[in-house]
Structures are given as C-alpha cells and as structure tokens.
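Worksheet: one structure, shown below.
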Amino acid sequence: MRKTATRSSYHPLVWLLIGSNAIGRASLFMCLIYLTIHMARSGLSGFEVGQIIGAGWLLGSVGGYVGGYLSDRWGRFRILSGSLFFWSFTFIGFAWAESYFTFLVLNMLNGVCRSFYDAVSKTLLTDLVSAEHQEKVLLWNYLTLTLAMGGGAFLGASLTGYPSELIFHSIGWTVGGLYIVIFLLGYHYRERVPKQSNPLTLTSVGRVVRRDRALWVYLLMATCFSIGYSQLETTLPLYLESLSLTIYPIVLATNAALAILFMFLVMNKKVFHWISSLSFERVTVTSSLLFATGLVVFGGSVAPMFFVGIILLTMTETLFFPTWEAEIARRGERQEMKGAYLGSTELIQVGFFIGPVIGGWLLDHYGGTALFSVMAFVGLSVIGIYYTGELFRKKNAHLWQKPPLKWPGRAIRLFLRP
C-alpha cells in the first residue's frame, strides 16, 4: 500500500508537497499584512479587524479535523486540490471586499481552506514514506514552513508600497497555480499513492477521537506551546517597543536563519539518528524546559537576551512539533483514521487566539516580565500534563503503548541516566 522510502530517496511527491506547502504558507503570511491594511483602509475599526482575523483561526482549528476525515473517506488528492481551488478565490475576493460581513465570511473560508490543506498535506506526506522516516519528513516540512513564514512576512513588509489589490490577485493566482499542479500530480500518481476507503461516518470517527484520552493529552500539550508562541507575533513587538528597542525584525530574521541551520543539521544522518533515538517522553520534558527558559529570558530588558530567547524557542519547536506530529500519525494509523487524527492537530490553533488575549491583558496591567513569566509557567505545565496523561494508561491499554511512569522521580532520573 505505501511507498517505502530509503534514506537517500523519497517519492517525488514528498519534495513537491514540501515545496508547495512552503509557497502556500509564504503566500498566507504575505496576505495577513495586506489584509489588515486593506480592512483598515475600508473603514473597519481595530476591534472589528481583530474579530475577523480571530474568526479565521478559530474556524480553521475545527476545519482541519473535518478535512482530515474527508481525506480518509474520499482520498487525499480530492480534498487537497479542492481546498486549493477555493483558497485561491478567497485571496482574490479580499481585493473586492468592502463590508465587515464580506471580510468575515472570506476570512472564515480562508481559515477552513488553510486548515484543510495543512492537515491533508501532512497526512499525505506520511502516506508516502515508511514509518521510520515519517518523523524526518515531517521535520523537514516543519522547518520549511518556518522559513516560509518568515520569508512571507518579510516580503509582505517589503512590498507595502504596492496596491493591496495587486498583491491579493498575485497571491490568489499563485495558489491557483498550485491547484493546477496538485491536480495534475494527483492524476499522474493516482496509481502510486495509497488509496483511502474508510467507510466510517464522521460521527463514528468523532466518537473514537473523542474517547482517545492520549490524543487529547497531546493536543493540550501542544496548545500550551502555541499559547506561548503566539506572543512572538503579538506582545513581543509591543514589549520591545516599550523598551525603545528596534530589534524585532532582526529577531524574526534570526528565527528564519536558525530554521535553515537546523534544516542542514537534520540532513546529517548522525544528527537525525540522535534526534530520532530520543523517546517522546524525553523530547517533551526537554522541549518544555527549553521553552520556559526562552520565555523567561524574554522578560529581561537587555537586547542580547532576546536573541538567546529566540534561539531556545526555535530549538523547542524544531524538537517537539515534528516528533509530536509523528506520534499522532502513528496513533491514527493504528485506528485507520490517520487523516482525522492529523487533522485534529489544527485544534491547537485555538492557542493562537487565546494567547494574544491573555498576553495583551498581562502586558497592559503587569508588564513584560510578568507576562513572560506566566507564559513560561504555561510551558512548564506541559510536563505535568504529559505525566498526568500517563495515569490513564492502564484504563486505555489498547491505545497506550508504554507502561505507566512515576512522577516526578521518573522525570528527574531521565536526565541522570547515561
């Protein structure tokens, strides 16, 4: 059923999907800058703009699960190409929108299409490689997306002098071109891609997912991380401005440069072998500690410390999220619902809605040091969530693979053993 990959070569679709994911993500973040400007020029208030942007993320958090289920039932390429087709029209529609309601509907559709595409593309990537290579491919994909986000935002900021209508049309036609490419690839490789024929209904799949406590533990852990990461694009620039520091663009550039560096490191067989040899337990604890330390460092007021913080946060996302996605993919594969399981990972986007609300309030009332200290505590709570979830292993033996762990002694001994 699955195309088995070697270390030296993968299915050609793997590289094409990673490349198309990068183009789509760069286009999205270019659009976010222009969408905000365009809505402000149309007479909408800042509060209305915030509602519209937030609605897209919230609806997208649910859309990924539905898109993943549909890909399990009807096939990956049908949902992938369909999401790109409608996504391209949302970008073009922004150029002609004028009212609050029109912007709201278009951005909700934008969020759904994005979540459909992200969820199904990740699922298809794991379909095309063997289980032992899934983590590596997902890591490459994640690092490429990180680079694309930074590049898209930088390019968008560099083109602010151009008419927003021109930018929206350009992005729309770019995504439309991706639709044509994916459609043709789906036709060309239709015999080489694993077939999906899951007869289960959305209700029955939802029942399985809802009862999988392990999955919800994983989602809660990643949501805590997303609450912290949301500060990078919201409260961090405000805090830097209050300190009269103009280093925010350089901090973002550092994040993109580190993504490139880590991408080359991962290509080294010894480095990747070391990363893949780490248990999910060790990855979780290490990531949580790095994450919390990086946020605490942000609470200072010295410019060099912000670069130390972004290095630690980039290490965290590089280590945690690809491993986390691979774990969820394996769980979904055992249930023959991999699309729905990977689609459910979009639920963590709720953190990008909650994070700015809480972070903005903390920054206004208590300052940056308190804000990032609280966010560091949220990051540390991931360790507690993980080990609390381990307590349910005995009751869910068919879903949990490892024996129960003792907390907190097990976590302490984890780093003392050779």
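Cβ coordinates are placed from backbone N, Cα and C, and glycine is handled just like the others.
Here TrEMBL gives transmembrane segment for one range in the set 138-160, 299-321: that range is 138-160. Each of 12-37, 49-70, 138-160, 369-389 was scored by its Cβ pairs under 8 Å to the transmembrane segment (215-232), and the highest score goes to 369-389. Under the criterion of 3 or more C-beta pairs below 8 Å, with sequence separation of 6 or more, the transmembrane segment (12-37) and the transmembrane segment (345-363) do not qualify as touching, having fewer than 3 such pairs. Contact counts against the transmembrane segment (138-160), taken as Cβ pairs under 8 Å, peak for 247-267 among the stretches 49-70, 247-267, 345-363.
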